[in-house]
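According to TrEMBL, the protein has these features:
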SIGNAL    1-22  signal peptide
TRANSMEM  66-89  transmembrane segment
TRANSMEM  110-136  transmembrane segment
TRANSMEM  142-161  transmembrane segment
TRANSMEM  173-190  transmembrane segment
DOMAIN    215-351  domain 'RCK N-terminal'
DOMAIN    633-774  domain 'RCK N-terminal'
REGION    1032-1059  region 'Disordered'
Amino acid sequence: MSYVSPWLTLSMVLRLFWAAEAPEVSVALISLFETILLTYLSYKGNIWDQVLRIPFFLEMINTVPFLLTIMWCPLRNLFIPVFLNCWLAKHAFENMINDLHRAIQRTQSAMFNQVLILISTLLCLIFTGICGIQHLERAGNHLTLFDSLYFCIVTFSTVGFGDVTPQIWPSKLLVVVMICVGLVAVPMQFEQLAYLWMERQKSGGNYSRHRAETERHVVLCVSSLKIDLLMDFLNEFYAHPRLQDYYVIILCPTEMDAQIRRVLQIPLWSQRVIYLQGSALKDQDLLRAKLDNAEGCFILSSRYEVDRTAADHQTILRAWAVKDFAPNCPLYVQILKPENKFHVKFADHVVCEEEFKYALLALNCVCPATSTLITLLVHTSQGLEGQQSPEQWQRMSGKCSGNEVYSILMEQSLFFADYEGKSFTYASFHAHKKYGVCLIGARREDNKNICLNPGPQYIMSASDTCFYINITKEENSTVKTQQAQGKKRSPFAGYHGPTGLPVHSIIASVGTVAIDLQGTSCTQDSGPTLMLPTDDAKTVSRRPSIATVLEVADPSCLQACDLFIDQSEDETSPSENESADSYVKGYPPNLPYIGSSQMFCHLLKEKAPFCCLRLEKGCRHNNFQDAKAYHFKNKVIIVSAETAGNGLYNFIVPLRAYFRPKKELNPIVLLLDNQPDTQFLEAICWFPMVYYMVGSIDNLDDLLRCGVSFAENVVVVDKESTMSAEEDYMADAKTIVNVQTLFRLFSSLSIITELTHPANMRFMQFRAKDCYSLALSKLEKKEREKGSNLAFMFRLPFAAGRVFSVSMLDTLLYQSFVKDYMISITRLLLGLDTTPGSGFLCAMKITEDDLWIRTYGRLYQKLCSSSGDIPIGIYRTESQNLPKSEHCDLASQSQSQISVSVDDIDDTKEYIVGRGSHRSSMSSDQSDKPLLRKKSMQWARRLSRRVPRNLNKSGEKINQQRMSLYRRSERQELAELVKNRMKNLGLSTGGYDEMNDNQSTHSYVLINPSPDTRLELNDIVYIIRADPLSYDPADSGSRKSSMGNYTEIGLDTKHESEL
């Protein structure tokens, strides 16, 4: 046996030890020195704050004993819980992630960090439990590593099957410690995660850059988001097929309320709408919304603010911030006050609320239901509303409501390509005759301005953009498909032999039926020219005829127009001419704000003194103190407003436009709650017959002084001070009650009301027990359940144009994202903009002498061939027809039940027969009144028998007085009240007219009806009349139109139209 030196053995052991333990020892030393160095650097006067830190404590437990075992061999069997280093690794991992986020400048990473902390905490707890139990149970069950994992999972999940349990007290103690640590650490992590999740839900998180680059989205910036505003935007925006894959990013500084959160959780919107809480003034929030990659940005004002000027200022700052952050992003801005519009002139599309509002209300006075017409045009609809209704008018109105304005290049159009080189009126008539589309305007390729009805002298070019009204755009119509298939079959297939017209003239849009095609070729007739019917023609049986629409207008037949001479002057009396001599035509010299519409108007030769503008106070120029004393030739138009804002200027301008005859100008009385300022008076003092009066609509004396008893229209503008309320829909409460009171006092008065919320229009002319109104309410609910955007269209006040909400025009801004021409066309229709050669909107009334035309298609031809006017719709008034099942015992009453005044009782039938049915005011059941009256009469007779004989005569007299008071209806009481007030004010009661109730009728709008639609008496036709200034004055001596003497009129006009 060979001898081995002990020193050699020791050296071999040391070599093996250092080979196996050297890396571990090195790591332990580095970690120890690092912990000591960080503790020293972090020392701030209290050593215990550093020593008692968990990382320092774990480092001491794992490193110091390990180093001691190297120096002292008997300690090498000491168990060192090296697995506790996982907690140190967790701490180092968190620091590394924080440093990484700091390096890449990722600011919104709190949620990600918290998720990593939670996951790492759970892993460390499980790993510590596995290693600890497996080591300690070596003295017990000798658990394997998998059994330890199984035990820890079952224990921490609180299941506890009990098949694997610790057997010795150290392992049991370890389990208790781990459970306590888990009960403290894990809930704290979950609490932090839940808090961050809730905060993220409030702020909305981020819209990722990858999604912004691969998907298309728009940003909606609002100061406060209401559910009605949100739903209107989403319904209108996603109504267009090509916008279905767009995302909507809402950027709002306020927290999302519960109602909006519920809506955005609906699968229809949850996948396409993202809510971000933030401010448009912060680049950080705009970056979160990825505005620089957005297809567009909508900035909406808060119209429910008390201070609307402050709301505009916020909108202006948002627009500036968005333009500064993303200069190339298309901007769509809604502004409230017209004087603030020029601050956002750089935006691609701007809608000023007060401009459109007052212009619509003004046109409602001369063209009935213009607000309804425009509202239906700017809403997206498929024309399916009311198709299941038993009422014919609801089916017709619902189908026509699907008409919208579209555009197409003429060379790409099947509707208009055949009319290249033809006149505009020729193309418009034949397109309507063949396809049912209404061509209303055109735009040259080298001109950005749109011209509505440029007139017969306008020759269509292949490069022109055509604007037309139809139920669907040409690209989506069946005509395009059928035409393309016909071209493939034969170049002459599908054409009618005798006329050479396409067969598809039979069908163009839903419900459109073309008129007879016989003898309607495009060439000019060789026969005699069709003339207007004369007086002699009415005596013979020959049918009147309509002239052919010429392909190219004859310059000698075009209407001559003298700019400074009114065409109606020839028909006026000398006294009227003298009163109109002080009028001139020109542009208003004083504009109230920058960007005011420059319209040619009727003006005074010399501006009126400010004292003469005050209606109810006399001055040194006149002593008139009420409207009756002025002896106006026409009925007055009263406007009730809170203040004389600059937007009110846009109410006056359309009513004083140069194309309105002088003899038809209605006096305008502004009933203001507050005294107007000098700037406003300076702007209106040049307009003829414009007055103001300080008063309120809820004061009967003020109404009587300003001439409400003989007013043409009363326009009630929503007051700014009442637009906000604790309960949102209560903002209209005062306006509705005031209008109802006015309606009860003056039942025949035409009242046009502006409301803040469209949902409140159901309270206008409210009838609690009227079955017809109840049926309309049920119909509205059904249409809303079907997802209609126009569920309110069958409400009688809206259909008749008696109520309007400016929020209905919000869709105009939304539609401009797809139709960039909609705002321009609407402004031209309302007279807010004037383009050389562009026509204007007006109306004409169908009289008995015009019924020989019979159909709308023939009227279209008549207007195009004679005066070059383009009809676009009909305003029709019909009587209500209640089904027998819906009478609700109305037959037991002497007249139909009306909304605002009690019906006359049976004892007043003589009065009712003489004066007609009157409006009712109370909702009590009147069928019980005869029984109550009978009992009261019996009781009165019994009392009269007990009266002494000498008192019989006086008792009978008292009873007669009582019965006369009892028999008097509330309508009579209201009439006497008004007349007594008029007498007390020194006003003549002759103007107060208790006219018959006309509530048994209803009115509605038909946009672009089919050519075979029958004309009815008193139909009012909306027409776009060509600009008189665009005609070349070929014959200065002739001022009469070949169409006759029809003019744009209202509902009650004395000038009938002659066709």
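Just so it is clear, glycine is given a Cβ too, placed from its N, Cα and C backbone atoms.
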Within the same chain, where does the transmembrane segment (110-136) have neighbours whose Cβ lies under 8 angstroms from its own Cβ atoms, ignoring anything closer than 6 residues to its ends? I mean 6 or more beyond. 79, 81, 83-84, 86-87, 90, 93-94, 97-98, 101, 143-145, 147-149, 151-153, 155-156, 166, 168, 170-171, 174-175, 178, 181-182, 185-186, 189-190, 192-193, 196-197, 200
For the domain 'RCK N-terminal' (633-774), the mean pLDDT of the predicted model: 87
Residue distribution over DSSP helix, strand and coil in the domain 'RCK N-terminal' (633-774): 60 helix, 28 strand, 54 coil
For the domain 'RCK N-terminal' (215-351), how many residues does DSSP put in helix, in strand and in coil? 59 helix, 28 strand, 50 coil
